[in-house]
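Colleague: Below is the structure I would like to discuss, written out as structure tokens.
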Amino acid sequence: MRRFIFMSLGLLVLAFSLSGIGANQNCPSGWFPHNISCYKLFTERKNWDQAQRTCMEEQENGQLASITDADTAVKLSNKLSGNWNFFDIWFGLSLSKTRGFWLWPDGSMVTFTNWGKGEPNNFWDMESCAALTAASGYLSWNDKNCGLLHYFICQTQSRGG
């Protein structure tokens with residue numbers, strides 16, 4: 001009986017320890033998890049509209065990433081700065097020409113920002129898309145011309161979220 005209890009406890013401990021392996025099992029292959037979302041960096045250079053379209057085609061409910069809090073900003077910065085440090089990266093923030101303020105791809109209002117110093121400046125009235133800046137380690141944001149070609153980061157909901 002003692003041996004049975006000991007073996008049962010051992011198997012239980014093993015099961016719990018293995019449950020943490022493959023923690024991104026709720027994300028598609030090649031995507032990394034954070035909170036209830038999955039993210040993927042695309043290293044093809046596209047303009048903002050092409051990047052958004054690629055995100056939508058890549059995954060159901062896919063879109064350019066929304067950075068809605070400091071925790072997500074830091075997580076993405078840490079993940080991205082470990083891989084790339086010379087190209088800015090499109091994410092999902094864009095200036096609504098009709099409404100005159102910044103919106104996420106799903107149309108929701110911005111409640112958290114991390115603009116770089118002096119940004120957004122809408123330089124020459126031609127900057128209505130946002131990018132994570134390489135110079136800041138992908139932590140701060142810069143408004144840019146939507147037609148420029150950059151890497152981009154997509155987001156989708158995790159299967160468990």
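The backbone N, Cα and C atoms fix where each Cβ goes, and this holds for glycine too.
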Colleague: Based on what Swiss-Prot records, which one of Cys55, Cys129, Cys146 is disulphide-bonded to Cys154?
Modeller: Cys55
Colleague: What is the three-state DSSP composition of the domain 'C-type lectin' (34-155), stated as helix, strand and coil residue counts?
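Modeller: When I sort the residues of the domain 'C-type lectin' (34-155) into the three classes, I find 29 helix, 38 strand, 55 coil.
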Colleague: Between Cys38 (disulfide bond) and Cys154 (disulfide bond), what C-alpha distance do you get in Å?
Modeller: 8
Colleague: Whole-number answer please: how many Å between the C-alpha atoms of Cys129 (disulfide bond) and Cys27 (disulfide bond)?
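Modeller: Pair distance, Cα basis, whole Å: 27 Å.
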Colleague: Just checking, which of Glu127, Asp143 (binding-site residues) has the fewest C-beta atoms within 10 Å of its C-beta?
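Modeller: Each of the binding-site residues Glu127, Asp143 was scored; lowest Cβ tally within 10 Å is Glu127.
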Colleague: Over the domain 'C-type lectin' (34-155), what does the predicted model average in pLDDT?
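Modeller: A mean pLDDT of 93 is what the predicted model shows over the domain 'C-type lectin' (34-155).
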